[in-house]
Amino acid sequence: MKYDLIIIGSGSVGAAAGYYATRAGLNVLMTDAHMPPHQHGSHHGDTRLIRHAYGEGEKYVPLVLRAQMLWDELSRHNEDDPIFVRSGVINLGPADSAFLANVAHSAEQWQLNVEKLDAQGIMARWPEIRVPDNYIGLFETDSGFLRSELAIKTWIQLAKEAGCAQLFNCPVTAIRHDDDGVTIETADGVYQAKKAIVCAGTWVKDLLPELPVQPVRKVFAWYQADGRYSVKNKFPAFTGELPNGDQYYGFPAENDALKIGKHNGGQVIHSADERVPFAEVVSDGSEAFPFLRNVLPGIGCCLYGAACTYDNSPDEDFIIDTLPGHDNTLLITGLSGHGFKFASVLGEIAADFAQDKKSDFDLTPFRLSRFQ
């Protein structure tokens with residue numbers, strides 16, 4: 001059998017692509033080295049932020065607004081346990097923060113619902129938060145967080161119900177191109193398709209070593225909290241920048257545990273076995289202490305944590321482009337630790353590619369040619 005589309009990597013983007021392409025009537029094969037959702041990539045740990053006024057650059061805003069529409073649609077499949085939780089997101093940092101300036105600019109350009117607060121206003125609304133006098137907060141009322149593993153599980157199930165073929169726990173060992181399409185090799189056999197999407201995350205270089213993607217080991221952890229920090233008490237998800245430039249992110253507490261991670265830093269790695277479990281690097285459990293001590297002093301000790309990986313591009317912007325010399329293969333990689341919120345729209349873009357549809361978005365900023 002020759003498929004219309006083979007998906008290499010069925011985590012965040014691949015799961016979405018499998019669903020949207022199958023729903024469009026294509027004959028699709030999803031593949032993954034493990035059984036998604038799993039602990040080997042960048043999507044585990046239950047939750048991921050979704051922010052609309054984007055500190056990483058205005059070019060992302062059209063993508064994230066479409067992503068939000070798709071997340072809302074997907075959430076209707078899990079109304080008892082919604083995939084998207086509209087908790088709001090407070091972005092905290094010094095008044096001269098470049099990240100916050102980008103958030104404000106995005107909000108202004110796209111007329112997003114963002115409220116600016118000074119330090120006293122932040123602490124009055126959320127007494128659990130402490131910030132210096134020179135801090136501001138930009139509160140995104142319509143943003144919140146996503147249940148990442150539930151989303152992937154839902155997409156995979158919906159794709160399967162729609163007739164998508166799925167080959168999991170089976171790594172792709174080689175990819176070949178010819179005039180007739182794309183061929184992949186796996187331990188289970190050889191498969192062919194007219195087109196392929198490579199969204200293999202951190203270990204994409206195992207297949208395509210020429211790509212400019214650097215794996216980085218990252219950690220996040222859950223700390224002792226109480227009901228004051230919960231969604232029921234209107235405590236928001238957050239990003240926070242310390243005076244030294246370190247960037248943190250976190251979520252409202254659930255079951256008396258608040259999850260937080262540090263966006264910058266981490267350990268550069270070159271193979272999967274270098275991503276050692278949480279607590280095997282001495283700084284893992286204390287990485288969030290500077291932020292907690294200064295901004296959330298009521299949070300208690302570290303309860304547990306997890307390690308994941310970022311697939312960083314050189315400029316930490318996404319790579320969305322066809323493989324050089326092979327217009328039948330789309331790369332979606334280099335998501336650099338801020339990609340999950342876009343998984344829905346990136347999956348839709350991949351499905352459009354498989355149908356020879358022109359994307360509705362300007363993807364020029366994400367081309368590989370920018371690194372030449």
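A Cβ is built for glycine as well, from the same backbone N, Cα and C atoms used for every other residue.
What Swiss-Prot says about this protein:
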BINDING   4-34  FAD binding site
MOD_RES   C308  S-8alpha-FAD cysteine
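The most densely surrounded of the binding-site residues D4, D32, judged by C-beta neighbours within 10 angstroms, is D32. The most crowded of the recorded positions listed here (I8, A16, A24, C308) is A16, judged by how many other CB atoms sit within 10 Å of its own CB. Each residue contributes its Cα atom, and for S12 (FAD binding site) and the residue listed as 'S-8alpha-FAD cysteine' those atoms are 14 Å apart. On the backbone, the CA of Y20 (FAD binding site) and the CA of C308 (S-8alpha-FAD cysteine) stand 26 Å apart. D4 (FAD binding site) sits 32 Å from C308 (S-8alpha-FAD cysteine), taking the Cα positions as reference. Cα spacing between D32 (FAD binding site) and the residue listed as 'S-8alpha-FAD cysteine': 17 Å, rounded to the nearest whole number. According to its DSSP assignment, D4 (FAD binding site) is in a strand. In three-state terms derived from DSSP, V28 (FAD binding site) belongs to an extended strand segment.
Around the Cβ of V28 (FAD binding site), the same chain contributes Y3, D4, L5, I6, I7, G18, A21, T22, A159, C164, A165, A354, each under 8 angstroms and 6 or more positions distant in sequence. I8 (FAD binding site) is 19 Å away from C308 (S-8alpha-FAD cysteine) when you measure Cα to Cα.
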